[in-house]
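TrEMBL annotations:
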COMPBIAS  277-291  compositional bias 'Basic and acidic residues'
REGION    272-303  region 'Disordered'
REPEAT    340-373  repeat 'TPR'
REPEAT    374-407  repeat 'TPR'
Amino acid sequence: MAPKVSDSVEQLRAAGNQNFRNGQYGEASALYERALRLLQARASTRKLLRTTQQRGTEVVPVCRPPGMAPKLSDSVEELRAAGNQSFRNGQYAEASALYERALRLLQARGSADPEEESVLYSNRAACYLKDGNCTDCIKDCTSSPRMAGSTGSLSLESGLSASVMVYDGKLELDCNISVTWHMRVFTEVSLALVPFSIKPLLRRASAYEALEKYPLAYVDYKTVLQIDNSVASALEGINRITRALMDSLGPEWRQKLPPIPVVPVSAQRRWNSLPTENHKETAKTKSKDTTATKNRVPSAGDAERAKVLKEEGNELVKKGNHKKAIEKYSESLLCSSLESATYSNRALCHLVLKQYKEAVKDCTEALKLDGKNVKAFYRRAQAYKALKDYKSSLADISSLLQIEPRNGPAQKLRQEVNQNMN
């Protein structure tokens, strides 16, 4: 007697057809795959019953010895690599199926590798997002039930019973195990496995945005910026969502948001310590998005929005909240990157947080826009001094003093730099 399964092949196929008609190709693919696995499981059961030998009261397993894990031909690494290639080729449904096979293989082995599992769920979420299946994308990024393997009982013609294990659509006979059919269900998916991972957060935010769930999208984008405040896709997302929230919820929109989780320092350190493909991909995204933003001429509305965000950043600086101020200045620059003072103000925050290289970059951008920005010269000189690049620091001080010969702080800084050089 085959194990009882709630869905029939016909129901799964009909549901898949309906999803296909609705343009939900990733979800339809998953339903067709479930139907195929169910067909294969039934075929395996019939074959098992035909080939099982009975010797009195003894049932002889024909697939594998009791307790031995089922043999699977593909490795998790190979499946993930194949999925990545299919994704790059635009074959999102195929990539999703490969990631799912890798997940089932990882779970069947009982491997406790949350990093690997989280990546696979996140990758499958990206497939769903590309196919427009935002609901399943959100589930894979957050948490949803998944079957790691099923155990159950198999009744033979003689009235004897033996238990079975289902892995990847294959039934494996094993004796002396429990006799009730059940499914092991897990709720750990990408962010549940590895909290505060940037890619799942960005993908879930994009899905929420597509579904017009703007408050939830805003929370995810802001969470990303707590981990890395220079991720351009998150900054641009915040900019878009802010406009939508202001339009839909009015001037008091911030008070109507769900709470934004505080990212622990350990999660920030973990991200900073990972020299992985995640950083490389995020860096590429930053570069592309930043270039596009700089080349864009702001509209009158964007310029006004940039001004408001800069003023909000200034207020945060007065309160000593320099990290939040950086976010505001960054959002302002996404609206309009033509304001020299915004760059030099953000440089001040970087200086306070001892992010000296970032301060140098911001001052350089400020001076490109305004070659007489005294604050930019002074702050870059301070940053160079902290980096022990005393020649560059003196050069900036000299440029500043040519503009304002009686600038007292600059004269004092020059004395300090000269003392350090001696």
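Even glycines carry a Cβ here, placed using N, Cα and C.
Automatic prediction, not curation, is the source of TrEMBL annotations.
Within its own chain, the repeat 'TPR' (340-373) is flanked in space by residues 230, 306, 310, 313-314, 317, 322-323, 325-326, 329-330, 332-333, 379-380, 382-384, 386-387, 403, which lie at least six positions past its ends and keep a Cβ under 8 Å from the stretch. For the repeat 'TPR' (340-373), the model's pLDDT averages out at 94.
Counted with DSSP, the repeat 'TPR' (340-373) comes out as 27 helix, 0 strand, 7 coil.
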